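Let me begin by presenting the structure, written as C-alpha coordinates, before commenting on it.
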Amino acid sequence: MQLNSTEISELIKKRIAQFDVVSEARNTGTIVSVSDGIIRIHGLSDVMQGEMIALPGNRYAMALNLERDSVGAVVMGPYADLAEGMEVQCTGRILEVPVGRGLLGRVVNTLGQPIDGKGEIENDGFSPVEVIAPGVIDRRSVDQPVQTGYKAVDSMVPIGRGQRELIIGDRQTGKTALAIDAIINQRNSGIKCIYVAIGQKASTIANVVRKLEEHGALANTIVVAASASESAALQYLAPYAGCAMGEYFRDRGEDALIVYDDLSKQAVAYRQISLLLRRPPGREAYPGDVFYLHSRLLERASRVNEDYVEKFTKGEVKGKTGSLTALPIIETQAGDVSAFVPTNVISITDGQIFLESNLFNSGIRPAVNPGISVSRVGGSAQTKVIKKLAGGIRTALAQYRELAAFAQFASDLDDATRKQLSHGEKVTELLKQKQFAPLSVAEQAVVLFAVEFGYLDDVELSKIASFETALLDYSNRNHAEFMQELNKTGNYNDEIKDTLKGILDSFKANSAW
(Lines of atoms letter the chains of each structure in order from A and count residues from 1; the text may use other names and numbers.)
(Lines give C-alpha, C1' and ligand atoms only; values in the text may rest on other atoms or scores of the structure.)
Protein backbone atom coordinates (compact mmCIF):
# COMPACT_ATOMS: atom_id res chain seq x y z
CA MET A 1 0.00 0.00 0.00
CA GLN A 2 1.34 3.39 -1.03
CA LEU A 3 0.65 6.58 0.90
CA ASN A 4 0.59 9.84 -0.92
CA SER A 5 2.02 13.02 0.52
CA THR A 6 -1.39 14.39 1.57
CA GLU A 7 -2.19 11.31 3.67
CA ILE A 8 1.25 11.41 5.28
CA SER A 9 0.87 15.06 6.24
CA GLU A 10 -2.66 14.38 7.62
CA LEU A 11 -1.31 11.49 9.70
CA ILE A 12 1.52 13.64 11.09
CA LYS A 13 -0.93 16.46 11.93
CA LYS A 14 -3.21 13.97 13.71
CA ARG A 15 -0.31 12.57 15.76
CA ILE A 16 0.85 16.10 16.65
CA ALA A 17 -2.68 17.00 17.80
CA GLN A 18 -2.79 13.91 20.03
CA PHE A 19 0.68 14.51 21.51
CA ASP A 20 0.32 15.64 25.13
CA VAL A 21 3.05 18.01 26.30
CA VAL A 22 3.40 18.36 30.08
CA SER A 23 5.75 21.12 31.08
CA GLU A 24 7.05 20.87 34.64
CA ALA A 25 8.63 23.91 36.25
CA ARG A 26 11.43 22.93 38.61
CA ASN A 27 13.43 25.22 40.82
CA THR A 28 16.87 23.62 40.77
CA GLY A 29 20.29 24.64 42.00
CA THR A 30 23.87 23.41 42.13
CA ILE A 31 25.97 22.66 45.21
CA VAL A 32 29.00 24.96 45.25
CA SER A 33 30.53 23.88 48.60
CA VAL A 34 30.12 21.21 51.29
CA SER A 35 31.65 21.52 54.75
CA ASP A 36 30.70 20.25 58.23
CA GLY A 37 27.12 19.44 57.29
CA ILE A 38 26.53 22.84 55.67
CA ILE A 39 26.02 23.11 51.91
CA ARG A 40 26.06 26.29 49.82
CA ILE A 41 23.84 26.20 46.75
CA HIS A 42 23.85 28.43 43.70
CA GLY A 43 20.42 28.93 42.12
CA LEU A 44 17.15 28.07 43.91
CA SER A 45 15.81 31.58 43.30
CA ASP A 46 12.35 30.74 44.73
CA VAL A 47 13.45 28.91 47.89
CA MET A 48 11.79 29.84 51.20
CA GLN A 49 13.26 30.08 54.70
CA GLY A 50 13.05 26.65 56.38
CA GLU A 51 12.08 24.87 53.14
CA MET A 52 13.18 21.29 52.54
CA ILE A 53 15.66 20.90 49.66
CA ALA A 54 15.79 17.48 47.96
CA LEU A 55 19.33 16.07 47.68
CA PRO A 56 20.55 13.01 45.74
CA GLY A 57 19.97 9.70 47.55
CA ASN A 58 16.55 10.47 49.07
CA ARG A 59 17.97 12.96 51.57
CA TYR A 60 17.00 16.47 52.51
CA ALA A 61 18.57 19.72 53.63
CA MET A 62 16.88 22.68 55.28
CA ALA A 63 17.38 26.19 53.87
CA LEU A 64 18.45 28.50 56.70
CA ASN A 65 20.46 31.31 55.06
CA LEU A 66 18.97 33.07 52.03
CA GLU A 67 21.73 35.26 50.58
CA ARG A 68 21.91 37.35 47.42
CA ASP A 69 23.85 34.85 45.30
CA SER A 70 23.62 31.59 47.27
CA VAL A 71 21.58 29.60 49.77
CA GLY A 72 23.07 28.14 52.98
CA ALA A 73 21.40 24.88 53.98
CA VAL A 74 21.98 22.32 56.70
CA VAL A 75 21.98 18.62 55.74
CA MET A 76 19.71 16.23 57.66
CA GLY A 77 21.85 13.15 57.96
CA PRO A 78 25.13 11.96 56.37
CA TYR A 79 26.82 14.34 53.95
CA ALA A 80 30.20 12.67 53.21
CA ASP A 81 29.22 11.68 49.64
CA LEU A 82 27.82 15.09 48.66
CA ALA A 83 30.09 16.93 46.22
CA GLU A 84 30.39 20.22 44.40
CA GLY A 85 28.37 20.32 41.18
CA MET A 86 25.55 18.02 42.31
CA GLU A 87 22.06 19.16 41.41
CA VAL A 88 19.44 19.81 44.11
CA GLN A 89 15.85 21.05 43.94
CA CYS A 90 13.17 22.78 45.99
CA THR A 91 10.28 20.74 47.37
CA GLY A 92 7.89 23.52 48.35
CA ARG A 93 7.45 21.81 51.75
CA ILE A 94 8.67 22.48 55.27
CA LEU A 95 9.86 19.72 57.61
CA GLU A 96 7.02 17.52 58.87
CA VAL A 97 7.10 14.60 61.30
CA PRO A 98 4.63 11.72 61.76
CA VAL A 99 2.20 12.13 64.68
CA GLY A 100 -0.42 9.92 66.34
CA ARG A 101 -1.01 7.19 68.89
CA GLY A 102 1.07 4.72 66.91
CA LEU A 103 4.21 6.47 68.17
CA LEU A 104 3.45 5.68 71.84
CA GLY A 105 5.83 3.06 73.18
CA ARG A 106 8.34 3.68 70.39
CA VAL A 107 11.81 5.23 70.07
CA VAL A 108 12.17 7.48 67.02
CA ASN A 109 14.77 9.85 65.60
CA THR A 110 14.20 13.56 64.89
CA LEU A 111 12.47 12.78 61.59
CA GLY A 112 10.05 10.37 63.29
CA GLN A 113 11.67 7.24 61.83
CA PRO A 114 11.73 4.22 64.20
CA ILE A 115 15.15 3.31 65.62
CA ASP A 116 14.06 0.62 68.11
CA GLY A 117 13.88 -2.31 65.68
CA LYS A 118 10.16 -2.89 66.28
CA GLY A 119 9.06 -2.35 62.69
CA GLU A 120 7.14 0.41 60.95
CA ILE A 121 4.98 2.94 62.79
CA GLU A 122 1.32 3.49 61.94
CA ASN A 123 0.84 7.25 62.13
CA ASP A 124 -2.28 9.40 61.96
CA GLY A 125 -0.73 11.90 59.57
CA PHE A 126 2.08 14.45 59.55
CA SER A 127 2.54 17.74 61.37
CA PRO A 128 5.02 20.59 60.67
CA VAL A 129 7.77 20.90 63.28
CA GLU A 130 7.44 24.70 63.38
CA VAL A 131 3.93 25.74 64.43
CA ILE A 132 2.76 29.10 65.78
CA ALA A 133 1.79 28.77 69.47
CA PRO A 134 -1.90 29.15 70.44
CA GLY A 135 -2.97 32.78 70.94
CA VAL A 136 -4.18 34.38 74.17
CA ILE A 137 -7.88 33.87 73.30
CA ASP A 138 -7.35 30.13 72.70
CA ARG A 139 -5.75 29.53 76.10
CA ARG A 140 -7.16 28.69 79.49
CA SER A 141 -5.61 29.26 82.91
CA VAL A 142 -3.67 26.43 84.55
CA ASP A 143 -5.79 24.85 87.30
CA GLN A 144 -5.16 21.08 87.17
CA PRO A 145 -2.08 19.42 88.71
CA VAL A 146 0.63 17.21 87.24
CA GLN A 147 1.77 14.98 90.10
CA THR A 148 5.47 14.15 89.95
CA GLY A 149 5.29 11.79 92.93
CA TYR A 150 8.07 13.73 94.71
CA LYS A 151 7.10 15.24 98.07
CA ALA A 152 9.61 18.09 97.68
CA VAL A 153 8.25 19.09 94.26
CA ASP A 154 4.50 18.53 94.72
CA SER A 155 4.48 20.36 98.06
CA MET A 156 6.82 23.31 97.40
CA VAL A 157 7.02 23.79 93.61
CA PRO A 158 3.80 22.26 92.23
CA ILE A 159 3.40 21.85 88.48
CA GLY A 160 0.12 22.44 86.64
CA ARG A 161 -1.11 21.05 83.32
CA GLY A 162 -0.02 23.46 80.60
CA GLN A 163 2.82 24.96 82.65
CA ARG A 164 6.51 25.27 81.67
CA GLU A 165 8.66 24.34 84.68
CA LEU A 166 12.42 24.48 84.23
CA ILE A 167 14.65 21.86 85.88
CA ILE A 168 18.06 23.48 86.27
CA GLY A 169 21.30 22.41 87.93
CA ASP A 170 24.89 21.27 87.42
CA ARG A 171 25.74 17.93 85.83
CA GLN A 172 25.07 14.88 88.01
CA THR A 173 22.50 16.52 90.30
CA GLY A 174 19.53 14.32 89.38
CA LYS A 175 17.81 16.44 86.70
CA THR A 176 17.06 13.54 84.34
CA ALA A 177 16.10 11.29 87.28
CA LEU A 178 13.49 13.84 88.40
CA ALA A 179 12.04 14.14 84.88
CA ILE A 180 11.99 10.35 84.31
CA ASP A 181 10.23 9.80 87.66
CA ALA A 182 7.65 12.43 86.66
CA ILE A 183 7.02 10.43 83.45
CA ILE A 184 6.80 7.13 85.37
CA ASN A 185 4.26 8.69 87.75
CA GLN A 186 1.92 9.45 84.80
CA ARG A 187 1.49 5.78 83.82
CA ASN A 188 -2.03 5.66 85.36
CA SER A 189 -2.97 9.34 85.08
CA GLY A 190 -3.89 9.36 81.39
CA ILE A 191 -1.22 11.96 80.59
CA LYS A 192 0.76 11.01 77.46
CA CYS A 193 4.50 11.65 77.74
CA ILE A 194 7.24 12.61 75.28
CA TYR A 195 10.91 12.37 76.26
CA VAL A 196 13.28 14.25 73.95
CA ALA A 197 16.95 13.29 74.41
CA ILE A 198 19.32 15.85 72.85
CA GLY A 199 23.06 15.29 72.50
CA GLN A 200 23.25 12.41 74.99
CA LYS A 201 25.22 9.19 74.71
CA ALA A 202 23.27 6.43 72.95
CA SER A 203 23.94 4.15 75.96
CA THR A 204 22.35 6.71 78.32
CA ILE A 205 19.23 6.93 76.12
CA ALA A 206 19.01 3.12 75.97
CA ASN A 207 19.22 3.01 79.77
CA VAL A 208 16.35 5.54 80.09
CA VAL A 209 14.20 3.50 77.68
CA ARG A 210 14.94 0.34 79.69
CA LYS A 211 13.94 2.03 82.96
CA LEU A 212 10.69 3.32 81.44
CA GLU A 213 9.91 -0.19 80.19
CA GLU A 214 10.72 -1.79 83.56
CA HIS A 215 8.31 0.56 85.36
CA GLY A 216 5.48 0.16 82.85
CA ALA A 217 5.68 3.72 81.53
CA LEU A 218 7.04 3.16 78.00
CA ALA A 219 3.63 2.19 76.56
CA ASN A 220 2.47 5.71 77.41
CA THR A 221 5.62 7.49 76.18
CA ILE A 222 7.25 8.57 72.91
CA VAL A 223 11.06 8.79 73.03
CA VAL A 224 12.64 11.15 70.49
CA ALA A 225 16.39 10.54 70.37
CA ALA A 226 19.01 12.82 68.82
CA SER A 227 22.17 11.35 70.32
CA ALA A 228 25.62 12.97 70.45
CA SER A 229 26.61 11.10 67.27
CA GLU A 230 23.79 12.72 65.25
CA SER A 231 24.38 15.86 63.21
CA ALA A 232 23.94 19.29 64.81
CA ALA A 233 20.90 19.87 62.57
CA LEU A 234 19.03 16.87 64.00
CA GLN A 235 19.94 17.87 67.58
CA TYR A 236 18.67 21.40 66.92
CA LEU A 237 15.35 20.17 65.45
CA ALA A 238 14.63 17.32 67.91
CA PRO A 239 12.72 19.45 70.50
CA TYR A 240 10.47 20.91 67.79
CA ALA A 241 9.73 17.42 66.44
CA GLY A 242 8.87 16.15 69.94
CA CYS A 243 6.68 19.21 70.54
CA ALA A 244 4.72 18.55 67.32
CA MET A 245 4.08 14.98 68.54
CA GLY A 246 2.84 16.34 71.90
CA GLU A 247 0.60 18.94 70.26
CA TYR A 248 -1.29 16.12 68.53
CA PHE A 249 -2.69 15.10 71.94
CA ARG A 250 -3.14 18.67 73.23
CA ASP A 251 -5.19 19.73 70.20
CA ARG A 252 -7.54 16.76 70.61
CA GLY A 253 -8.52 17.57 74.19
CA GLU A 254 -5.98 15.34 75.95
CA ASP A 255 -3.12 16.07 78.33
CA ALA A 256 0.53 15.55 77.46
CA LEU A 257 3.86 16.07 79.23
CA ILE A 258 7.10 16.73 77.34
CA VAL A 259 10.64 16.63 78.74
CA TYR A 260 13.47 18.34 76.83
CA ASP A 261 16.74 16.80 78.03
CA ASP A 262 18.46 19.16 77.65
CA LEU A 263 18.10 22.56 75.97
CA SER A 264 21.71 23.58 76.74
CA LYS A 265 22.90 21.00 74.20
CA GLN A 266 20.29 22.18 71.69
CA ALA A 267 21.59 25.76 72.06
CA VAL A 268 25.16 24.50 71.49
CA ALA A 269 24.05 22.64 68.34
CA TYR A 270 22.29 25.77 67.07
CA ARG A 271 25.39 27.86 67.84
CA GLN A 272 27.49 25.42 65.80
CA ILE A 273 25.11 25.67 62.82
CA SER A 274 24.96 29.48 63.06
CA LEU A 275 28.74 29.88 63.19
CA LEU A 276 29.19 27.52 60.22
CA LEU A 277 26.61 29.59 58.32
CA ARG A 278 28.76 32.66 59.14
CA ARG A 279 26.04 34.38 61.14
CA PRO A 280 27.40 37.12 63.45
CA PRO A 281 28.11 35.76 66.96
CA GLY A 282 26.93 37.52 70.13
CA ARG A 283 27.34 36.83 73.86
CA GLU A 284 29.18 33.54 74.56
CA ALA A 285 29.37 33.16 70.72
CA TYR A 286 25.64 32.35 70.56
CA PRO A 287 23.73 33.94 67.66
CA GLY A 288 21.39 36.86 68.26
CA ASP A 289 18.21 34.77 67.99
CA VAL A 290 19.03 32.14 70.63
CA PHE A 291 16.30 33.57 72.90
CA TYR A 292 13.77 33.14 70.08
CA LEU A 293 15.06 29.59 69.57
CA HIS A 294 13.74 28.63 73.02
CA SER A 295 10.80 31.04 73.38
CA ARG A 296 9.02 29.83 70.24
CA LEU A 297 9.46 26.25 71.44
CA LEU A 298 8.31 26.72 75.04
CA GLU A 299 5.36 28.98 74.17
CA ARG A 300 3.80 25.98 72.41
CA ALA A 301 3.35 24.31 75.81
CA SER A 302 -0.03 25.60 76.99
CA ARG A 303 -3.50 24.72 78.14
CA VAL A 304 -6.07 25.33 75.41
CA ASN A 305 -9.79 25.91 75.97
CA GLU A 306 -12.86 23.92 74.83
CA ASP A 307 -13.54 26.19 71.84
CA TYR A 308 -10.02 25.68 70.47
CA VAL A 309 -10.30 21.87 70.76
CA GLU A 310 -13.80 21.82 69.23
CA LYS A 311 -12.67 24.03 66.33
CA PHE A 312 -9.51 21.99 65.74
CA THR A 313 -11.34 18.65 65.74
CA LYS A 314 -14.23 20.10 63.64
CA GLY A 315 -16.76 19.36 66.38
CA GLU A 316 -15.69 15.75 67.06
CA VAL A 317 -14.43 16.55 70.58
CA LYS A 318 -16.64 18.83 72.68
CA GLY A 319 -16.31 20.23 76.20
CA LYS A 320 -12.69 19.14 76.68
CA THR A 321 -9.57 21.21 77.28
CA GLY A 322 -6.15 20.05 76.13
CA SER A 323 -2.75 20.72 77.62
CA LEU A 324 0.94 20.29 76.88
CA THR A 325 3.15 20.62 79.96
CA ALA A 326 6.86 21.21 79.37
CA LEU A 327 9.77 20.27 81.64
CA PRO A 328 12.83 21.76 79.94
CA ILE A 329 16.19 20.84 81.48
CA ILE A 330 19.18 23.20 81.53
CA GLU A 331 22.68 22.25 82.67
CA THR A 332 24.63 24.98 84.48
CA GLN A 333 28.39 25.27 84.90
CA ALA A 334 29.45 25.44 88.57
CA GLY A 335 25.99 26.62 89.64
CA ASP A 336 26.09 29.74 87.46
CA VAL A 337 22.42 30.49 86.74
CA SER A 338 23.33 33.95 85.41
CA ALA A 339 24.90 32.59 82.19
CA PHE A 340 23.25 33.45 78.88
CA VAL A 341 21.10 30.38 78.12
CA PRO A 342 20.01 29.70 81.76
CA THR A 343 18.79 33.31 82.23
CA ASN A 344 16.97 33.17 78.90
CA VAL A 345 15.08 30.00 79.76
CA ILE A 346 14.36 31.13 83.35
CA SER A 347 12.71 34.26 81.93
CA ILE A 348 10.60 32.23 79.46
CA THR A 349 9.35 29.52 81.85
CA ASP A 350 6.72 29.70 84.62
CA GLY A 351 9.14 28.74 87.38
CA GLN A 352 12.19 26.60 88.03
CA ILE A 353 13.30 23.69 90.16
CA PHE A 354 16.91 24.39 91.11
CA LEU A 355 18.96 21.30 91.96
CA GLU A 356 22.13 21.98 93.92
CA SER A 357 25.25 19.83 93.78
CA ASN A 358 26.09 20.55 97.47
CA LEU A 359 22.72 19.18 98.58
CA PHE A 360 23.04 16.20 96.22
CA ASN A 361 26.51 15.33 97.53
CA SER A 362 25.34 15.61 101.14
CA GLY A 363 22.68 12.96 100.48
CA ILE A 364 19.64 15.23 100.13
CA ARG A 365 17.95 13.77 97.05
CA PRO A 366 16.06 15.17 95.18
CA ALA A 367 18.49 18.05 95.74
CA VAL A 368 15.83 20.78 95.45
CA ASN A 369 16.92 24.17 96.79
CA PRO A 370 13.66 25.54 98.29
CA GLY A 371 15.06 29.08 98.46
CA ILE A 372 15.32 29.77 94.73
CA SER A 373 13.00 27.06 93.37
CA VAL A 374 9.63 28.55 92.50
CA SER A 375 6.43 27.73 90.63
CA ARG A 376 4.73 30.86 89.35
CA VAL A 377 1.39 29.32 88.35
CA GLY A 378 1.38 25.85 89.91
CA GLY A 379 -0.11 27.04 93.22
CA SER A 380 -3.53 27.46 91.65
CA ALA A 381 -3.29 23.94 90.22
CA GLN A 382 -2.13 22.24 93.42
CA THR A 383 -4.29 19.49 94.92
CA LYS A 384 -6.37 20.92 97.78
CA VAL A 385 -5.10 18.54 100.45
CA ILE A 386 -1.42 19.06 99.53
CA LYS A 387 -1.89 22.84 99.37
CA LYS A 388 -3.41 22.95 102.86
CA LEU A 389 -0.82 20.70 104.47
CA ALA A 390 2.33 21.91 102.70
CA GLY A 391 2.03 25.59 103.61
CA GLY A 392 4.47 25.44 106.53
CA ILE A 393 7.14 23.33 104.85
CA ARG A 394 8.83 26.01 102.74
CA THR A 395 8.81 28.44 105.72
CA ALA A 396 10.22 25.80 108.06
CA LEU A 397 13.04 25.00 105.62
CA ALA A 398 13.84 28.68 104.94
CA GLN A 399 14.05 29.42 108.69
CA TYR A 400 16.09 26.26 109.25
CA ARG A 401 18.65 27.25 106.57
CA GLU A 402 19.00 30.73 108.07
CA LEU A 403 19.34 29.47 111.65
CA ALA A 404 21.73 26.67 110.64
CA ALA A 405 24.09 29.28 109.17
CA PHE A 406 24.04 31.28 112.44
CA ALA A 407 24.20 28.18 114.65
CA GLN A 408 27.68 27.38 113.29
CA PHE A 409 29.03 30.43 115.13
CA ALA A 410 26.82 30.36 118.24
CA SER A 411 27.88 28.30 121.25
CA ASP A 412 24.67 28.33 123.30
CA LEU A 413 21.24 28.33 121.68
CA ASP A 414 17.88 28.87 123.38
CA ASP A 415 15.24 26.13 123.41
CA ALA A 416 13.06 27.72 120.69
CA THR A 417 16.01 27.89 118.28
CA ARG A 418 17.04 24.32 119.08
CA LYS A 419 13.48 23.16 118.47
CA GLN A 420 13.35 24.98 115.14
CA LEU A 421 16.68 23.51 114.04
CA SER A 422 15.54 20.01 115.02
CA HIS A 423 12.24 20.46 113.15
CA GLY A 424 14.09 21.72 110.05
CA GLU A 425 16.45 18.74 110.09
CA LYS A 426 13.51 16.34 110.33
CA VAL A 427 11.62 18.02 107.48
CA THR A 428 14.77 17.89 105.32
CA GLU A 429 15.17 14.20 106.14
CA LEU A 430 11.50 13.51 105.39
CA LEU A 431 11.66 15.18 101.96
CA LYS A 432 14.40 12.78 100.85
CA GLN A 433 13.11 10.22 98.39
CA LYS A 434 14.58 7.32 96.45
CA GLN A 435 14.47 7.21 92.66
CA PHE A 436 11.63 5.20 91.05
CA ALA A 437 9.56 5.42 94.26
CA PRO A 438 6.88 8.04 93.54
CA LEU A 439 4.21 8.65 96.19
CA SER A 440 0.50 9.05 95.52
CA VAL A 441 -1.45 12.16 96.64
CA ALA A 442 -2.87 10.30 99.66
CA GLU A 443 0.57 9.02 100.72
CA GLN A 444 2.01 12.52 100.48
CA ALA A 445 -0.96 13.88 102.46
CA VAL A 446 -0.36 11.42 105.33
CA VAL A 447 3.35 12.32 105.49
CA LEU A 448 2.73 16.08 105.29
CA PHE A 449 0.02 15.81 107.96
CA ALA A 450 2.58 14.20 110.28
CA VAL A 451 4.94 17.16 109.71
CA GLU A 452 2.28 19.87 110.02
CA PHE A 453 0.75 18.60 113.27
CA GLY A 454 3.90 17.74 115.19
CA TYR A 455 3.85 13.94 114.95
CA LEU A 456 7.59 13.96 114.19
CA ASP A 457 8.60 15.96 117.28
CA ASP A 458 9.37 12.87 119.38
CA VAL A 459 10.85 10.82 116.51
CA GLU A 460 14.65 10.61 116.37
CA LEU A 461 16.30 11.98 113.23
CA SER A 462 17.87 8.61 112.39
CA LYS A 463 14.44 6.92 112.50
CA ILE A 464 12.56 9.37 110.23
CA ALA A 465 12.96 7.17 107.12
CA SER A 466 11.76 3.99 108.86
CA PHE A 467 8.91 5.99 110.49
CA GLU A 468 7.74 7.14 107.05
CA THR A 469 7.97 3.66 105.48
CA ALA A 470 6.03 2.09 108.36
CA LEU A 471 3.42 4.89 108.33
CA LEU A 472 2.73 4.51 104.60
CA ASP A 473 2.57 0.72 104.91
CA TYR A 474 0.13 1.03 107.84
CA SER A 475 -2.06 3.59 106.01
CA ASN A 476 -2.28 1.57 102.77
CA ARG A 477 -2.93 -1.69 104.60
CA ASN A 478 -5.49 -0.59 107.22
CA HIS A 479 -7.14 2.40 105.51
CA ALA A 480 -7.07 1.40 101.83
CA GLU A 481 -10.58 2.73 101.07
CA PHE A 482 -9.85 6.15 102.55
CA MET A 483 -6.52 6.36 100.68
CA GLN A 484 -8.19 5.48 97.36
CA GLU A 485 -10.92 8.08 97.92
CA LEU A 486 -8.35 10.75 98.83
CA ASN A 487 -6.35 9.93 95.69
CA LYS A 488 -9.51 10.32 93.62
CA THR A 489 -10.80 13.60 95.08
CA GLY A 490 -7.74 15.32 96.59
CA ASN A 491 -10.12 17.21 98.90
CA TYR A 492 -9.42 18.50 102.40
CA ASN A 493 -12.10 19.20 104.99
CA ASP A 494 -12.73 18.61 108.71
CA GLU A 495 -13.81 15.01 108.12
CA ILE A 496 -10.62 14.19 106.17
CA LYS A 497 -8.56 16.03 108.79
CA ASP A 498 -10.12 13.92 111.58
CA THR A 499 -9.53 10.69 109.61
CA LEU A 500 -5.86 11.60 109.03
CA LYS A 501 -5.51 12.46 112.73
CA GLY A 502 -7.04 9.09 113.62
CA ILE A 503 -4.60 7.26 111.31
CA LEU A 504 -1.58 9.03 112.84
CA ASP A 505 -2.79 8.58 116.44
CA SER A 506 -3.47 4.86 116.05
CA PHE A 507 -0.19 4.35 114.16
CA LYS A 508 1.89 6.05 116.85
CA ALA A 509 0.07 4.19 119.61
CA ASN A 510 0.38 0.72 118.08
CA SER A 511 3.47 0.70 115.86
CA ALA A 512 7.13 0.25 116.53
CA TRP A 513 9.30 1.49 113.69
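The backbone N, Cα and C atoms fix where each Cβ goes, glycine too.
Annotated ATP binding site per Swiss-Prot: G169, D170, R171, Q172, T173, G174, K175, T176, in sequence order, evidence recorded as sequence analysis. Feature annotation from Swiss-Prot assigns site 'Required for activity' to S373; the stated evidence is sequence analysis.
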Given the ATP site residues G169, D170, R171, Q172, T173, G174, K175, T176, which other residues of that chain have a Cβ within 8 Å of the mean position of their Cβ atoms, reported in sequence order?
E331, L355, S357, F360, A367
Quick check for the class: what is the C-alpha distance, in angstrom and rounded, between S373 (site 'Required for activity') and G174 (ATP binding site)?
15
In the structure shown, which of the binding-site residues G169, G174 has the fewest Cβ neighbours within 10 Å?
G174
For K175 (ATP binding site), the number of other Cβ atoms found within 10 Å of its own Cβ:
25
What is the number of other Cβ atoms found within 10 Å of the Cβ of D170 (ATP binding site)?
18
Which state, by DSSP, holds K175 (ATP binding site): helix, strand or coil?
helix
Which residues, sitting 6 or more apart from R171 (ATP binding site) on the same chain, put a CB under 8 Å from its CB?
E331
Would you mind checking how many other C-beta atoms are within 10 angstroms of the C-beta on T176 (ATP binding site)?
20
Three-class DSSP secondary structure - D170 (ATP binding site):
coil
